[in-house]
Amino acid sequence: MSQGWRGGWSGGRGGNPYAGGWRGRPWRGRGQGGSWSRNSGRDPVCFSTAPPKPQLTQTTLDKYIPYKGWKLYFSEAYSDSSPFLEKVRAFEKFFTKQIELYDKDEIERKGSILVDYKDLLQDEDLSASIPMSSELKEMPEKILECMGLAIHQVLTKDLERHAAELQEQEGLRTEEAPIVNVPFIHARVFNYDPLTPLKNLRASLYGKYVALRGTVVRVSNIKPLCVKMAFSCNMCGDIQSFPFPDGKYAVPTKCPVPECRGRSFTANRSSPLTVTVDWQTIKVQELMSDDQREAGRIPRTVECELIQDLVDSCVPGDMVTVTGIVKVSNTRDGGFKNKNNKCMFLLYIEANSVSNSKGHKIKSTDDSESHGASMDFSLKDLYAIQEIQAQENLFQLIVNSLCPTIYGHELVKAGLSLALFGGCQKYADDKNRIPIRGDPHILVVGDPGLGKSQMLQAVCNVAPRGVYVCGNTTTTSGLTVTLSRDSATGDFGLEAGALILGDQGICGIDEFDKMGNQHQALLEAMEQQSISLAKAGIVCSLPARTSIIAAANPVGGHYNKGKTVSENLKMGSALLSRFDLVFILLDTPNEDHDHLLSEHVMAMRAGAKEMQSADLTCPTTQNSNTSVLEEPSERPLGERLKLRPGEHFDPIPHQLLRKYVGYARQYVHPTLSPDAAQVLQDFYLELRKQNQGIDSTPITTRQLESLIRLTEARARLELREKATKDDAEEVVQIMKYSLLGTFSDEFGKLDFHRSQHGSGMSNRSKAKKFISALNRIAEQTYNNLFEFQQLRQIAKELQIQLLGKFNHSDKMATEIPNLRAAPGNQLRPKGSVSVLITTWDCA
């Protein structure tokens, strides 16, 4: 070992509450003119006061106790017949074999050692001496104390041996054993199984060792907790250190000096014998899996207490596994009277270890960045994932397995499937760069009754971590973060909202158009992937790396293609521009489609397990155009995703699909190939070229980043590390389908002057609609002059109500934009059509 190892163990660890001069270092006391005394029955770290009591001195005890840290862990005196001695020796043998695997400096600095429960079970010598599974569960405090004493003894022997070697090298005397100072070591057992559901956390588990997994929804402030306090006797002045079990204040009942009969004591909070530790509480909410879902019940929560090195191990929204001892606390701090509630207690967990899925406390063996909620995969799961990956047309299988109850909408399901897998976040750990989000956001807008909510619920169900909320019953605090006051302490604590609970997962928001003013709370979360809070003196930022999947109904009940998406939803452009894909679902009557849809609904109602597929001819209202959005291809993606007529389709169960998605998000991190990057760049440049008008939709780098994210998700869907040219071309087709729905007008033509994300069309949509109709008729009839009767008839057909009397072209040009006055009392639109107004007299 190096010289620095010795220095790290030299006495006087000021930061550790259990470190001190228990190796016989005297203190100058206040009373009796001597050293400080100790209570041999209660106090593990105290000192001798007077020569008449040599049997109570630390040095005398240590000479005859082979375990020098015995009094740090056990209140009873050492005895060779102690029932715990055999267990300590077994653990000492175990740690002696494992000590080279641990960082000794880290153990001293933190005051704790992490022990894998699986290693304890696999050790044959330990299993022969101690039935670990039963004894750790039934008597956890004693087993943990034995483990702590064992590692304390191993480290002490190691340090003494090293110190003796250094003394020999320096030529010093070696008659006396070197004095070393090892602090109190907590043994923290992790990977404990089985996990206990919160619904089984009952009074029968009091005092037992349990492990539970959940989401952190509330974190309190860190406070000092006094575990030992020095009390001075008012009669003789003797000082003793009195322990506070579970942090409950108590006063000594008698003085440890035999000659003194004092019964009154004064607390000495500034004494070195007063020990305080960091203390924090968290509230953990259960994870709702498919087999545990219970209707009409709020999720269960449990309070957990963290001390010392466990504090600050998690933030609201983290998924944690807490192992600890079940304790009870009295409800006297509540709002009820003590006399009526003296027997009311609440269960809480005294945490022994906290495993954070983000790797804050216990790091995984994989050094790669953890994406998504960490999941455990059995060998059976891995074989099933391998079987799914080997399917011939995997994209079609996953798209049709997402929501089999909804017929059609293959490209919409394809976009939702890509959002499930998500892209790769860039520069997440680089402090010198701003992170680039990898989670795509998708908005589905359409007429009622087309299955938007069912597809949204299916996505949240398949996601390894999904949160589903409804917009009309959601508040801003419920979406982001809430400051709540603790009734017991009066301090403010953070409670996580839906976006933080969906961190590294999916947050589905239904009825997106009915949220009101809550839209502004989503702006930061959708782009910066975080939630900032500045309230009640607390300024913090919490992670919200979630994909937002929103479903909305247009204003008025039906989608009006004469308006833009912003006008149909009455939503700002800043929010809409953050969505990677915007799908428009229209309920257009079509005989073939309606027939196949009705057959599908009847088959679902009949309970058919395997449904026969039918060829769905999706109606389209778009006409041919020379735009880049409608380049012909050999076989469009929508046709390839459809099932062939008469084909028997067996969808992947959602429970297995959730495992597949979790595996892909956790272990697959694809990158773009040069060919794929070239395809995306060409498509983006073509979009920029076609959208250079004054009133056109701004095509920015957000669209290019969306293409990159979706292409990475397409490669991750097939567990590939490299995104190919075919992946990019399929994503381009999905993007074209999204843009076609948002750019096409009520006549089926592509109008790139429509502002998809803006609201500039709202005050002149009728005028633009009127001028567009005049341009279309002029092109068909090759006549650019219109009489009053024709204009009146066109306005009537378009259901446009013209207010006021227009007797002059200048006035009409002022009232209706895109018209400019021309000589001869005629009006000329922006296009090549001249409109001659002879008489205009309408109310």
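Yeah, the Cβs are placed from backbone N, Cα and C, and that goes for glycine too.
For reference, Swiss-Prot has these:
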- GLY446, ASP447, PRO448, GLY449, LEU450, GLY451, LYS452, SER453: ATP binding site (BINDING)
- 1-23: compositional bias 'Gly residues' (COMPBIAS)
- 394-601: domain 'MCM' (DOMAIN)
- 1-52: region 'Disordered' (REGION)
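When the neighbouring Cβ atoms lying within 10 Å are counted for each of the binding-site residues (ASP447, GLY451), the highest count belongs to GLY451.
Across all of the domain 'MCM' (394-601), the predicted model scores a mean pLDDT of 79. GLY446 (ATP binding site) falls within a strand when secondary structure is assigned with DSSP. Neighbours of LYS452 (ATP binding site), defined as other CB atoms within 10 A of its CB across all chains, total 25.
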